[in-house]
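According to TrEMBL:
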- Tyr140: active site, proton donor (ACT_SITE)
- Lys211: active site, proton acceptor (ACT_SITE)
- Arg193, Asn448, Asn492: (S)-malate binding site (BINDING)
- Glu283, Asp284, Asp307: divalent metal cation binding site (BINDING)
- 117-298: domain 'Malic enzyme N-terminal' (DOMAIN)
- 308-561: domain 'Malic enzyme NAD-binding' (DOMAIN)
Amino acid sequence: MGSLLKEIRNGGHSVADTESKAGLGGGVEDVYGEDCATEDQVLTPWTASVASGYTLLRDPHYNKGLAFTEKERDAHYLRGLLPPAILTQELQEKKLVQNLRQYEVPLHRYIAMMDLQERNEGLFYKLLIDNVEELLPVVYTPTVGEACQKYGSIFRHPQGLYISLREKGKILEVLKNWPERGIQVIVVTDGERILGLGDLGCQGMGIPVGKLSLYTALGGVPPSACLPITIDVGTNNEKLLNDEFYIGIKQKRATGQEYAELLEEFMTAVKQNYGEKVLVQFEDFANHNAFELLSKYSKTHLVFNDDIQGTASVVLAGLISSLKLLGGQLADHTFLFLGAGEAGTGIAELIALEISKKTNAPLEETRKKVWLVDSKGLIVKSRIGSLQHFKKPWAHDHEPIKELVDAVKAIKPTVLIGTSGVGKTFTREVVETMASLNEKPLILALSNPTSQSECTAEEAYAWTKGRAIFASGSPFDPVEYEKKLLVPGQANNAYIFPGFGLGLIMAGAIRVHDDMLLAASEALAAQVTQENYDKGMIYPPFTNIRKISANIAAKVAAKVYELGLASNLPRPKYLVKYAESCMYSPLYRSYR
């Protein structure tokens, strides 16, 4: 059966032959008819003749469960393999929603969703798209964090590619083992810094899998064009090394030259196998590797680090939209960060860049509007000798300050941003000090998952007497304060990276430029309505995420064309419509 399935996947071309060979924007062949077929058009789901439909029921690309019609059951040898009832996709979705809501433990919902993805891809994505606000916290943060911690125990089906030190010298061969050829987006992690949970080694695979399901559900990138990869170089997590169910290599992490050589081989093999235009998204690498990899490969590959650039873009969007509530321009505000790692310095740089673009002031000057506090206190000039390279641009003239609350009193920020990965660090005293300095203090508690958030929405509103404008990395429920319903925003990278990636693919981008990130931020900020502002929201609701992603994709693609970094020519006239036309639809197709 296994060899037959391989033959079905790779052997023939009947899907492509029977339909027009239209490709998704980006020029990738539409092997599964994900884009060129509508629900009314018919597909042949086979590329080899078979004696039974048993294999069809086990292929998530084509399986429709009880939605196969009488005619399809006859044509594809499904008689007797299914109960006689025929259920529409809508009815199947309704049943699944009811089932999922019966689970009281979020991790059980996550496992049920992953099982569905392995069984019936179309239904999984329809369910996620139609119930995005309810299910986003299940397939991504905060539940994915717990899933990664327990990945060895809940592991059922291998998802994505695992590349370990044992594959050194053979990475190109490993990539060729993946059944899909038209890969457009790779999300890769080495598992060293999973959310705020630390080194989870090989069990970090939950992150690339989760991110790519959002690329499809929110950005419309076809699932067959997505590839999750975990690079296993070992782990320094003693608990995992002593866990009999751990699924990775049981050794301490490789570092230095051994690590660099493996990553170099991987990046070279990716370009060799998938071409110049494949987007490689680095995810949850530790600070020291994240900055180095982005700096090194941004010159030669189409690369994007979501922790540095995606977080920065979504936070900048929130800051731009908050100006409607705060008044003034970005340059009128002072920003104080708790946390000076990937996220903190990435956001800080994009803020300074946006102010520089808007005011024509030099970047060195606009950086002085932004202050950072790390584990040793305020980053100042007197510490420059001991600072890591990515912190040095933020070392300003000021006497040393150890505690955050004292930094707030001295710097008098209008915006307080937490990227520390440490929960409960925005104490009552810190938040009340912000409230004493500002009529509407903007407080962004961005660390994930929820347990690591610097403060809760309820605390931010209560300690500022309902005056705070609040957003977080993980979701919080609306809070009623003195009979007014306050809706906290979620500065979730899922607003940005799916549309950003789609925009790069549409234009056939060959490199990522900071101006594309600024374009994405401005496009997201423009989607916030007056109705949202009235509730204290600085981000639009996720219910419109596909429309939001199409608008972001259009602005990003326009910037790619403007900068001369596009390879898909000529430029489409109506980029928003073009983005929408490129998006994957999860609706079932009719089979011949």
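A Cβ is built for glycine as well, from the same backbone N, Cα and C atoms used for every other residue.
Remember, predicted model here, so these are calculated numbers, not experimental data.
Where TrEMBL records a feature, it is marked here on the structure.
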residue: Tyr140; record: active site, proton donor; Cβ within 10 Å: 26
residue: Arg193; record: (S)-malate binding site; Cβ within 10 Å: 24
residue: Lys211; record: active site, proton acceptor; Cβ within 10 Å: 27
residue: Glu283; record: divalent metal cation binding site; Cβ within 10 Å: 30
residue: Asp284; record: divalent metal cation binding site; Cβ within 10 Å: 26
residue: Asp307; record: divalent metal cation binding site; Cβ within 10 Å: 23
residue: Asn448; record: (S)-malate binding site; Cβ within 10 Å: 24
residue: Asn492; record: (S)-malate binding site; Cβ within 10 Å: 26
Other residues near the divalent metal cation site, CB within 8 A of the CB centroid of Glu283, Asp284, Asp307?
Thr189, Arg193, Ile194, Ile207, Phe282, Phe285, Ala290, Asn305, Asp306, Glu342
Do me a favour and check the Cα-Cα span between Asn448 ((S)-malate binding site) and Glu283 (divalent metal cation binding site); whole Å is fine.
14
Close recorded positions near Arg193 ((S)-malate binding site), where close means Cα within 10 Å, chosen from Tyr140, Lys211, Glu283:
Glu283
Looking only at Arg193, Asn448, Asn492, the residues listed as binding (S)-malate, what is the longest Cα to Cα distance in Å?
18
Starting from the Cα of the residue listed as 'active site, proton acceptor', work out which of the recorded positions (Tyr140, Glu283, Asp284, Asp307, Asn492) are within 10 Å.
Tyr140, Glu283
Taking each of Glu283, Asp284, Asp307 in turn, which of these binding-site residues have a Cα lying within 10 angstroms of the Cα of Asn492 ((S)-malate binding site)?
none
Measuring Cα to Cα, tell me the gap between Tyr140 (active site, proton donor) and Glu283 (divalent metal cation binding site) in whole angstrom.
13
Mean pLDDT across the domain 'Malic enzyme N-terminal' (117-298), rounded to an integer, is what?
95
